[in-house]
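For reference, the structure is listed below as structure tokens.
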Amino acid sequence: MSSPDYKKRKSSGDKALDNKCIDTIRVFSADMVQAANSGHPGAPMGCAPMAHLLWSENMTFSPSSPEWSNRDRFVLSNGHACALQYSMLHLTGYDVTLDDCKKFRQLGSKTPGHPENFCTDGVEVCTGPLGQGLTNAVGMAMAEKHLAATFNQPDFPVVDHFTYVICGDGCLQEGVTSEASSLAGHLGLGKLIVLYDDNNITIDGSTELSFTEDVSMRYESYGWHVQAVTDLTNLDSLRNAISKAREVTDKPSMIKVKTVIGLGSKKEGTHGVHGAPLGAEDLSHVKSKYGFNPEESFAVPSDVAAHYASVSKQVEADKSSWDAMFAKYQAAHPALHAEFVRRENRELPAGLLDLLPVFKAGDKDLASRKLSEACINSIAENFPELMGGSADLTPSNLTSLKCSSDFQASTPAGRYIRFGVREHAMAGICNGMFAHGNIRPYCATFLNFAGYALGSIRCSALSKFGVLYVMTHDSIGLGEDGPTHQPIEMIESLRSMPNVNVLRPCDTNETNAAYQIALTQHETPSVICLSRQTLPNLAGTDPAKAQKGGYIVSGGDNTDLVLVGTGSETGLCAKAAEELASAGIKARVVSMMCMDVFDAQSEDYKKSVLGEGLPVIAVEAAAVGSWNKYSHVQVCMKTFGASGKGGDLMSKFGFTLDNVVAKSKLVVDYYKSKGSAPDLFSRPVWDDVVSGH
């Protein structure tokens, strides 16, 4: 399918104006850093020619509608160079004002120290950690390719855009980009174009210190189309390289652009211009060199302003042309149009959550990873934006989609992704797919290997991307693979991260609830922790109640003890309660399927679940960590695991009926001697002192 006419913008043909625009970007960006007395002026000054050509001649976007679905995506992977991006957003008419630019890196500004998608219109993803942006861009290009195969019809290319990236040496040294770039080459993502800012400088100094590989050869081996631009004094070489890259439809493109960091500064070409303001004297020198008044800051010459205003007018006309086409698409293909709009609005299909399985008498006990498989496939056919896969663990994670083929270069309409053994990139790619829109991505590995993906999971949480992480083999119960595979601290690590829901269901009903929470919370990623071993379906579990995070499974008000568990240990608590009843001890069983959601409940509700003055024992085959706030005694892991059968390991580390019952009796006797257990919800005196001020 050929691109429509609005994709073919031409150069103004005015070389002097091009150079003036580029110099303006350099000086404006340097002014921004100087005003903050903090930041990175060197990369924006060196990358200015790339930014000018992308925004002036290549990118399709809409400052008035920054979320327009068919905009070209731009990602500044070397996010420390964000003064460059803010300059372009300001010049082309986005809601980034001159005052915003003057407040660069200041609290509450739209121009934070690294790009943040939730702060600034025109910023797609958070690109503080190097390599994340390029990895996210791979996910965006995958989303574009899949959605084009899903929605486009003859004469209606409703999904037809590029993903452009500027990245630096640091991005290409990070392992996550190697993972992502390898997959991008395999998938033939022809709409992905990366401009590599090859300035030979990192924070430590010259790249000769640590990075001497041949990047071009590496990317050729990945299956990319690779070009090199060695001279930016004549823009035509870069202009032609971008044009050629746009014409390559079966491979992603890398353009290796030789730049000079801090070009025009007295410190150009050195690491001294990387991460510090130029200083008043050097900035005056730069302004004089480029024909600007050294006494004037944030200057935009009138002809430069007029040029970018003209660009903005053109791209808004492009957007209007697309809108007209989309209106005709509605008439010609009403069902596809309705589906596209539903996804745009993040509306779940009617009745979708009712399709999730619930426990029925006579149902077979299963591992929660098997229950997760049932949940995924119960909704997949009716939830076509669900797209994802596993890091080469499909038979173990049980994440395949029975209703869909694989997403491959030759089958882009497929929805199941073979990420390969690339956990970190897998998570970063899912962030990019979510950021693109109209896709709800999920991905899977063993829970312990979430450690390989934590950098990207953290970006999911920060960016408010509701990615679904399906993490199986969630405890020492996985057995013989041993302590390298057994997660101990991982659940606690994830719980400590803001804006992440860590869900560990104990049976069919709770797995249903876990997916309901994950699917309905678009701005919070969910980590669903699932067992390898079989779990019993428990009387008293309830999908609706479980959506409060923690709730009473059994036991009333007349209670001696509260046993609170998660996942496989909830069933152990239920058995212990039965055993204790025969000894005359009344135990309430609480399932804490999601501590993060429980944290958000009212104090009255939390007291109604865990009680007041009652001893609480937490039982979880993971690190103690946050259980101190909701229990008096913990049966948890304090060491790494071991290699052996899952049942033997549970016995060795104390997750047995005998141990929980014995510990419960001791705790009840102890607190009876004290009169009652300390109130878990009391506030220390210090809080009262602070509130008084």
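Positions of Cβ are set from backbone N, Cα and C atoms, glycine also.
Predicted automatically and left uncurated, TrEMBL annotations should be read as such.
What TrEMBL annotates here:
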- H40, H274, R369, S396, H473, D481, H485, R532: substrate binding site (BINDING)
- H40: site 'Important for catalytic activity' (SITE)
- H80, G128, P129, L130, G170, N199, H274, F449: thiamine diphosphate binding site (BINDING)
- D169, N199, I201: Mg(2+) binding site (BINDING)
- H274: site 'Important for catalytic activity' (SITE)
- 366-537: domain 'Transketolase-like pyrimidine-binding' (DOMAIN)
- E423: active site, proton donor (ACT_SITE)
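Listed in sequence order, the residues of the same chain lying 6 or more apart from H485 (substrate binding site) and placing their CB within less than 8 Å of its CB are F446, N448, H473, L478. Cα to Cα, G170 (thiamine diphosphate binding site) and I201 (Mg(2+) binding site) are separated by 9 Å.
Fewest Cβ neighbours within 10 Å among the binding-site residues H40, H80, R369, H473, R532: this applies to R532. Relative to N199 (thiamine diphosphate binding site), the binding-site residues with Cα atoms inside 10 Å are D169, the candidates having been D169, D481, R532.
Taking the centre of the Cβ atoms of D169, N199, I201 as the Mg(2+) site, the nearby residues of that chain (Cβ within 8 Å, site residues left out) are A43, G168, D197, D198, N200, T202, T207, T259, I261, H274.
By the criterion of other Cβ atoms within 10 Å of the residue's own Cβ, the least surrounded of the binding-site residues L130, I201 is L130. Summarised as a single figure, the pLDDT of the domain 'Transketolase-like pyrimidine-binding' (366-537) averages 98. With respect to their backbone Cα atoms, H80 (thiamine diphosphate binding site) and D169 (Mg(2+) binding site) stand 12 Å from each other. Cβ neighbour count for D481 (substrate binding site): 14 (other Cβ atoms within 10 Å of its Cβ, all protein chains included). Here the CA atom of D169 (Mg(2+) binding site) lies 40 Å from the CA atom of R369 (substrate binding site).
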